[in-house]
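Worksheet: the structure to be examined is printed underneath.
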Amino acid sequence: MYTQTLYELSQEAERLLQLSRQQLQLLEKMPLSVPGDDAPQLALPWSQPNIAERHAMLNNELRKISRLEMVLAIVGTMKAGKSTTINAIVGTEVLPNRNRPMTALPTLIRHTPGQKEPVLHFSHVAPIDCLIQQLQQRLRDCDIKHLTDVLEIDKDMRALMQRIENGVAFEKYYLGAQPIFHCLKSLNDLVRLAKALDVDFPFSAYAAIEHIPVIEVEFVHLAGLESYPGQLTLLDTPGPNEAGQPHLQKMLNQQLARASAVLAVLDYTQLKSISDEEVREAILAVGQSVPLYVLVNKFDQQDRNSDDADQVRALISGTLMKGCITPQQIFPVSSMWGYLANRARYELANNGKLPPPEQQRWVEDFAHAALGRRWRHADLADLEHIRHAADQLWEDSLFAQPIQALLHAAYANASLYALRSAAHKLLNYAQQAREYLDFRAHGLNVACEQLRQNIHQIEESLQLLQLNQAQVSGEIKHEIELALTSANHFLRQQQDALKVQLAALFQDDSEPLSEIRTRCETLLQTAQNTISRDFTLRFAELESTLCRVLTDVIRPIEQQVKMELSESGFRPGFHFPVFHGVVPHFNTRQLFSEVISRQEATDEQSTRLGVVRETFSRWLNQPDWGRGNEKSPTETVDYSVLQRALSAEVDLYCQQMAKVLAEQVDESVTAGMNTFFAEFASCLTELQTRLRESLALRQQNESVVRLMQQQLQQTVMTHGWIYTDAQLLRDDIQTLFTAERY
């Protein structure tokens with residue numbers, strides 16, 4: 001019964017996708033003049049690249065429906081540990097780890113039961129072969145000395161350059177982990193080399209998902225489970241602006257838009273960094289059309305002063321992701337621990353022991369993580385102890401929960417995820433097409449003079465927008481100055497109060513240093529929490545103020561445009577952008593880590609100064625902060641030296657924090673405001689373009705106008721049917737999802 005229902009739903013999804021493709025082809029070929037008429041052909045506002053992208057989206061959904069394939073896109077920066085996370089999910093090392101971007105091209109990793117050894121298929125290799133020929137000529141002509149100035153040439157890069165000079169092409173098939181690593185590393189080095197030699201890498205040739213490399217391997221966590229209808233595939237996406245390639249952002253957006261679900265990998269230690277912010281923006285751009293999950297990697301670096309799991313979930317759900325994800329879909333983990341633990345358990349189960357560390361370096365990493373820094377080679381022979389240590393490390397990694405809640409669920413319901421993805425894509429397409437076509441159809445019924453008036457009114461709105469942007473910049477700058485002045489005043493108050501409290505700690509020379517250390521830690525932690533809370537509230541208020549200022553400026557323009565178009569009979573089938581908060585959310589510990597100068601302890605300072613610095617190091621989450629030439633403890637300690645050193649660090653912290661604060665707020669607000677005004681102007685320009693094209697069509701002879709009216713009305717009606725049927729399909733799929741939970 002369940003299988004029959006899936007089949008019927010997939011048939012309905014395929015019918016709607018095919019119908020949408022046909023309608024899109026009609027839009028492409030829709031005649032704008034009668035045969036034999038000399039009137040020029042006029043371009044639709046849906047430009048050719050725009051229509052081609054929609055074709056690609058529909059074709060991709062058809063491909064996924066035919067295989068009932070659920071594609072889980074994984075997005076994150078290199079520093080977030082994306083490759084390690086994928087290896088942990090798969091259960092074996094299928095992607096190489098290097099301290100540089102490793103995903104220049106998207107890569108599919110498909111769960112293939114029984115495929116123990118990974119195999120990579122790279123059928124669309126022709127564009128790479130052409131690139132190699134171009135690079136071969138450039139390498140012959142280039143100055144190697146200049147090349148070394150703009151490119152880091154390590155042994156892998158030298159091997160690649162030698163390979164290019166010899167004309168060795170890429171294969172279409174690679175079997176085994178090491179050949180796959182070599183292929184993927186070479187592809188990423190190829191991107192770096194092409195950039196250094198000023199040769200365009202053929203990214204556009206790999207925009208279609210069927211052209212990108214595919215790794216087939218059995219996921220260890222899914223091995224032995226019963227088979228289900230459908231197929232689970234991971235999509236490793238390029239991080240935004242990885243390897244200095246800004247256009248990878250567009251490729252990332254395209255791949256995310258075509259996924260069935262999205263898994264974001266964020267760095268626990270850098271949750272509010274610029275790089276992670278770019279990832280969050282890319283995810284938010286996908287909207288609510290696909291399910292979203294978050295893995296917060298490197299949670300093993302949490303200390304007792306850091307946010308706990310619940311605090312991290314609340315921060316990401318409410319503040320960073322603006323309510324687009326629930327806390328239940330956020331999983332703090334250690335991907336490295338998860339990968340190492342599972343790799344060790346797999347080796348023990350299949351081979352009865354771990355391989356020698358000198359042959360496979362991951363064993364050394366595992367021993368260090370599971371057994372501690374003082375492990376010895378002899379420890380690896382105690383299999384029962386190693387097995388227990390691997391189980392403990394797996395438990396500590398917290399990876400079991402996302403494996404169960406995400407991977408197992410995705411595998412069991414891959415067919416439903418594929419169908420739901422198709423339904424949401426159909427709804428988005430039909431809604432956008434219907435709004436556009438309805439606007440065009442009504443434009444043929446409006447008098448030419450009225451259309452000219454609408455065009456002129458939007459031109460005036462564009463000019464007013466530019467004028468208001470210049471005026472509002474001054475007001476926003478004033479608000480920022482007020483906020484920063486107030487923040488700096490508060491910071492100085494905290495600085496003075498903290499120094500007074502620190503001085504009080506060192507009044508009694510007879511008090512044990514361990515007691516001073518404990519009280520010092522408490523004092524510093526309290527100060528940090530106070531500053532963090534105040535800055536959070538203070539800049540939330542600034543965010544609200546900026547939103548109000550911009551809304552007061554923009555709303556009259558928006559209302560005027562909508563009113564004038566409504567008077568002409570146009571439905572509000574267009575959407576103006578909304579300004580979102582752009583003021584950064586501050587992590588005091590992270591700011592301290594970024595701006596404080598590392599100062600070495602001198603020979604004259606006692607090791608007890610190192611103890612106080614250690615207090616700071618734990619506060620800053622920097623284990624080696626301030627460590628220098630420490631000597632053995634002496635019998636006498638000058639507490640005044642300790643107090644002055646600590647006070648100096650507090651002064652430096654507050655000074656540098658004020659500077660970073662000003663830079664980040666100014667940069668963030670300026671960028672956000674410019675983006676907002678640019679998007680608003682773009683929306684007005686698009687409206688103006690639609691009206692101009694409606695006017696041009698309206699000026700054709702009556703027979704052309706009538707023909708266009710008939711065609712547009714029929715197409716609007718058909719897209720209305722597609723939308724209604726897609727809603728019913730989505731509801732039926734959701735009913736099945738609900739039934740699966742019980």
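Heads up, the Cβ atoms here are built off N, Cα and C, so glycines get one too.
Listed in Swiss-Prot:
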- 41-45: region 'Clamp-binding consensus' (REGION)
- 66-402: domain 'Dynamin-type G' (DOMAIN)
- 76-83: region 'G1 motif' (REGION)
- 236-239: region 'G3 motif' (REGION)
- 297-300: region 'G4 motif' (REGION)
- 331-334: region 'G5 motif' (REGION)
- 440-472: coiled coil (COILED)
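Under DSSP, the residues of the region 'G1 motif' (76-83) split into helix, strand and coil as follows: 5 helix, 1 strand, 2 coil. Sorting each residue of the region 'G3 motif' (236-239) by its DSSP state yields 0 helix, 1 strand, 3 coil. Here the region 'Clamp-binding consensus' (41-45) has a mean pLDDT of 45 out of 100. Per DSSP, the region 'G5 motif' (331-334) is made up of 0 helix, 2 strand, 2 coil.
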